Structure formats: C-alpha cells, structure tokens
Amino acid sequence: MVYIVYMGSLPTGQYSPLSNHFSLLQEVVEGSSVENSLLRSYKRSFNGFVAKLTDLERQKLASRKEVVSVFPSKTYHLHTTRSWDFIGLSGTVERNAAAESNVIVGFIDTGIWPESESFNDEGFGPPPKKWKGECKGGKNFTCNNKIIGARYYSTSNESKTARDDIGHGSHTASTAAGNKVKDVSFYGIAHGTARGGVPSARIAAYRACYSDGCEEASILAAFDDAIADGVDIISISLGPNLPDADFSHDAVAIGAFHAMEKGILTSQSAGNSGPDKATVGSIAPWILSVAASSTDRQIIDKVVLGNGKTLAVCIIHSYIFLNPFWSLYMSVPIYTPPIQSFFCSVGCLNSTLVKGKIVLCDKPQGDDGASSAGAVGSILKNEPFEYDASIFLLPASSLSVDRHVIVASYINSTKEPRATILKSEAVKDRNAPKIASFSSRGPNIFAPEILKPDVTAPGTEILAAYSPIVSPTSSDEDKRHVKYSILSGTSMACPHASGVAAYVKTFHPNWSAAAIKSAIMTTASPMNATKILAAELAYGSGQINPTKAAHPGLVYDASKEDYIKLLCGLGYDEKDLRLISGDNSTCPKVSTKTLARNLNYPSMTAMVKPSKSFNVTFHRTVTNVGFANSTYKATTFTKSKVKIVVEPEVLSFKSLYEKKSFVLSVTGGQRVLPTDYSMASSSLVWSDGSHSVRSPVFVFALLT
C-alpha cells in the first residue's frame, strides 16, 4: 500500500532529504529494495516521502522519533463572468496594475489548457524576478508570460502532461486570474465578457488530478514545488468527501501549513457534501475555506405541457426543438429490477416505447439512459433539497417533487400527453446570494471552535474557460466541444476567493497569509442567519467583498507560533510539534490561551452543552492597518437571548501596525440553546467611521 511519511519542516544545515529518506527506509523495509519502495521525496519546502509499505513497515516508521505521521495516500475529489461584477470587483475598480502583474497564483488542479484566450500573454512582460519555477508541462505544452510555470504529478499510467483534459483546472484558473475575453457564452447562454478577478496576475499550474481523482501524494508534491517556486497564493479546489480528523493526516492541511510559513495563503473549496452538517472538508485554521453561493444571474429552462401549464426550473441545455411539442412518456417497469426503469438507468428503458419522446424519470440523473434509448428529452426529479443548474446531454428539466407530481398527473389525465422543453435562458435572481444546497456545512469536526467554512463566494453557474477536448457533460455520448463552459460547485467558489486574496496582495505585498485572510473575512458582507439553515455553519463570515477587503482597517494576524499553541491545545505532543515547526517549540502549561477559541481568529466560535447556562470568553488582538491615528468603537449585534460584553469598548491607535487587545464574553441561560445544533448568531463590529471590521460571534450547542 502507498503511504505518505510526513517528517515536518526541512532541517537546517547539512541535511540531504533524499539520502536520509533512503537510510530510514533501509532500516524498516523487509524483503525488497528501497528503490522499489521509495516513490517520491518531498525535499524543497518540507520533509517527507511517499513509499510502498507493508503494515508492519508502516508501524515501524510511525514509531520513529523523526516522523510526525504515516498515513495512506487517499484519493481526494474535485469540488465540482458575471460573478465578479456581482461581488463588486468590476473592471473599473481601483487596481495596482504593476503589482498585480507581479502576483503569481498557483493552481493545484487538473492542469490547464494553455491555448485558451483566457491565458493569452499579449501585453505581458517577462515573469517576475522572484519566480523560481519551471515549465515542465510535458510534450507539446508551452508556457508563456501569462502561464509562467507548469508541472504534473502522475502516479499511474495517466497522461503525463499538465494539459487539462478534464476542464476543471482551466475553469478555476480563468475564474481567478484569466484575461478579459469578450463575447463568451455557452451556446448563447450567459453571454458576456469572461474575466478573472486579477486578469494581470501570472499563473502556475500544478496538475495533481486525473480522471480517477487526486492522490494525496501528488497534492503534497504540488505544494512542495509551488512553495519553492515562489507563488503568492495557492488555489486548490479539491478535498476529501468527508474531513480528516487530524491535521497531520491531511495532505492539504500539511502543505498549506508550510505555505503559510512562507507567507503564502492557501484558498480551498469547502466541499460539495451539503446540506448535511459536519461535512466541511477544509478545516485547518491556516486555510481560507470557501463555501458556494449564488449570483443574481440564474439559468433556467421551462417545461411547457400540452395543457398549457409552464414549469420553470434550474437546468442548462443548449438545444432548440424543431417540433413545438413531443409525446410525453412516463418510465414504467419494463426490466428487472423495476426501480431502474423508473430511474431511466442506462439499458433499462424500452427503446421502442421511448424513441422520439420526452421521458419522465424518477431520479435527478436520468438523461444518459434516456439518450441511449433514443429519447429526445427527459424530465427528471430532484432530491428533497434544491439543486443548482447542471448541464445535461439532452434537452432536460429537473423538477422538484411537487412539480414532478404535476407532470405525472397530467400524463395520467390524457390519452396523448405532450410537452416541450425550451432552451435555457439567464434571468435575474433578486434573492441572491443564497447558499448552494451542495455546499458543505460545519461544524469543524476536529476543532469545533474554529468556525468553518470561513466565507462564501459565487459558486453556481459560473462561466469560465474549459478544455476543448472534453464534452461539457463528460459523457461519451456527448459530441459537443466548447472553449467555455458553465460549472457549479465549491470548486468554482474557491478561485473567486483566491482572486480576492491576490487582489489584496497587490495592495499589501508584505502582509502575512493570516492578515490577508483576516481582511477577506472581516469585510465580508453579512448573510441573513434567519433565512439560511445552519447559519454561520453554512457561510462563515459572509459573502466576500473584494474592494473592502483591500482596505480592512484592522486585521487579526496570526503567526506560526500561534498555530503551534493551537496544536498544543488540540493534543499534539512536543516532539511532533518541533518536527512540524522546525524549531524548539514547547507547549505552554494548560491555560485558556491554548483553547481553540482563543486563537487570534477573525471569527469567534464556542461550542457548549445543550440546555446549560454558559459564559464563554474570547481573547483577541487587532493590528491597525488603516489610518495611523484612529479610534475604533465596538458595537455588538444579536437577535439571540445572549449578553455580549467587550472590554475595552474603545481602541485608540497612534501609529500603523500598532496592536491592541480586547476580551469579548458571551453569556446565556439554559433555555438559549436547548437542543443539539441550536445556535446563537451574533456579531462584533469595530468601526472608526471609515472602516467596519466585523466578526461573527457564534455559539452553538452540541452534546459530545
């Protein structure tokens, strides 16, 4: 079995990682050569290796004093225009063009399609002098002054190239940092100008994902290179289906920690396992974890029944029917098991009955089966929660359960049921932003008092660059090929946040990763906790606001030492912490300072017992990055029956980068949080009249 052996930071002095890894393996490997066991060494930005090991060999390595953790290389999954205007970053906002051209965003994904117009280097000068990377994209792959670096990490017989043959990597890269490209659409749908948040920034592509997923060993290799290559921001739209319960067994958490040490912020998608609670996969406090929300552009299509009734739904298809109406057929149990026929599963429909008709199916994804049986269209049934528009192979419509019943009733009411499905169109959604149903929710299973996700960003129906050699549905039956496609997922939300982080970096090139993250979180636009299930567990601090993030006023900064104290409080031993930090870190005696809730985090979260009175405190320190002479006053907001006290209520600064500390306490009676997952949503705002620095104050009950 393939294992990752994580050994912490690279030791200083005369230390050869590769020879050390060989020596270590020679002491534990039995019956085979080290050359056959060792698959990869991490030797540029942190210390570790990948090896084929038996369980006994794994145990021996795990017991070594120089090893932090040994864990299987699991497979992670991808978290699959108008959006930038919607969140306020139009093409005319304040920009520092020269600084933006010096920012490098690294994407760990499925690679990139270098010939896309979104990555044309016309008008770009040579790469920034700080760039230490290379163009190792494989055969027939050429970098330019926009895509300044490319690498690939293949652990199998997959294509050995950084060229994107899936579409996901090109989509995320162009969303964050793609050029401005006019007259872009998906077959006329969502027509407009596509552009990234920082179109003048440079791109480095690290391919760690293939058709079967993203191996953790490859993800860590990409981090190892990206950090050493000199990227400024790392964008990673992938993760586990469910979170790991230990940072030292999470490849992204490990890589992002060592990126943070070098001042590089990692932005990661929260996951697509919502709306269930405790599903957020991005949980490390040094990562910006991004949920997905909607924009004010919604793509719909309309089903028109023969009786004149019209049903509007969210779905994307590009076809125009030549006939005004087609016969409508309800799937029936032709084959065994009968449920597969109801679902329109491939091979389970009678093509004689289905051919040339629109088929009513009993599950969300049935268009492949309908298409293979010769249907001209399909009407599908949603799960109980809301789906966002997806691209389908046939003209299709995905109805809620109650609307699906309407169609079924119509079919049963007439001898010749007929229907048509109109081509999709974009309409205005005045209720945006809304949290996508698929977006993973908190709480953070490993550190519940670190609120995750951190923020939300546009992640539904995003039009961006795509790979022209793969169909928009990825179905073998789909013969369409496009240069730009529409995708939804926290994968699409993540590069929006990455773009904002890069935008902030152009104004504050020397800020730490934590300071940039704080700026994004404390300036986020508040969401309505009473209208969104799970409240802050769904959206964190709120919807990102790029222009405000560039000038936050105050930041909650944090250093490597602060995170090490947090790890002490979470139970990591000093031996492992010294390896991780690369210094002589020691854990302080048990105190409130090691509690997760007292990490200097921009949000404040506490977990308490249900039906119990509570009094929790948060210790925080803010750094002045606004005006040299300024005074901030505290205001608290709550709709819950809690009492919030801030001490002191006024912070006065006389210089830039001056720090001030405060304590916030929240008190509530036993009836405030009576049951599991009952929540009290509040907030603290520090304001000097020009800046509003907002932090969620979130208390929830959970019987552990």
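Cβ atoms here come from the backbone N, Cα and C positions, even for glycine.
Those TrEMBL annotations? Automatic predictions, nothing curated.
Quick caveat, the model's predicted, so the values are computed rather than measured.
Residues or ranges marked as domain 'Inhibitor I9' by TrEMBL: 2-79. Under DSSP, residues within the domain 'Inhibitor I9' (2-79) fall into helix, strand and coil as 24 helix, 23 strand, 31 coil.
The domain 'Peptidase S8/S53' annotation in TrEMBL covers 101-540.
Sequence-distant neighbours of Asp109 (active site, charge relay system) (same chain, 6+ residues apart, CB-CB distance under 8 A): Leu78, Asp164, His168, Gly169, Thr172, Ala173, Ala205, Tyr206, Arg207, Ala208, Cys209, Ser235, Ile236, Ser237, Leu238. As annotated by TrEMBL, active site, charge relay system applies to Asp109 (among others).
The active site, charge relay system annotation in TrEMBL covers His168 (among others).
Here TrEMBL flags Ser491 (among others) as active site, charge relay system. Of all Cβ atoms in the protein chains displayed, 30 besides its own lie within 10 Å of the Cβ of Ser491 (active site, charge relay system).
According to TrEMBL, the domain 'Subtilisin-like protease fibronectin type-III' annotation covers 598-699.
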His168 (active site, charge relay system): secondary structure state under DSSP, collapsed to three categories: helix
Per DSSP, three-state class assigned to Asp109 (active site, charge relay system): strand
